[in-house]
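These notes are about the structure you will find just below.
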Amino acid sequence: MATGGTDGHVRLWEFPTLKKKLDVKAHTKEVDDLHISPNEKWVASISKDGRLVIWSSETGKKVRELTWAVPEGVKYLYKRCRFALLEEDVHKSRLFSITNPVGRLGKHKAYLQLWDPHEGSLKKMAPCSESLSALAVSDNGKFVAVGTMFSGSVSIYIAFSL
């Protein structure tokens, strides 16, 4: 089990004993979201410090930080992250994230992003005209859904192509 704190720490716990396994000073601000990879070797965490980081669930060491070329120099914050199975290789996974521009959304888009967490590379992005608040991936990893913050609409994408 993994938890993220207002102190920026990511903590891993043995379940069901709830004995603390790892305590990682992962971020400088509170952790907004985290997710454990399907093979349970990685934990991805997102924080108000604007970072998306993948950690080793065995050692607590940083595996990689995921970054992208932000459009027009606008500040973006990651909101959610979810790992998904890769249909063609059960030993690998994808990572999805949603990110919103800070400030007015009007001329800047929010994005659903598809990452290769093994390489640390951004593979695809789908622009959204409204701020995103929710992210879900189907159990089989074939579909990803996003929910919007204001209208409450939901969009469903094919995972590999967005």
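Just so you know, glycine gets a Cβ as well, placed from its N, Cα and C.
Automated prediction, rather than curation, is the source of TrEMBL annotations.
As written in TrEMBL, here are the features:
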REPEAT    1-14  repeat 'WD'
REPEAT    24-65  repeat 'WD'
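Averaged across the repeat 'WD' (1-14), pLDDT in this predicted model comes to 96.
Below 8 angstroms of C-beta separation, residues 20-34, 36, 43, 45, 47, 49, 55, 57, 60 of the same chain, each at least six residues beyond the ends of the repeat 'WD' (1-14), sit close to that stretch. Taking DSSP states H, G and I as helix and E and B as strand, the repeat 'WD' (1-14) has 0 helix, 8 strand, 6 coil.
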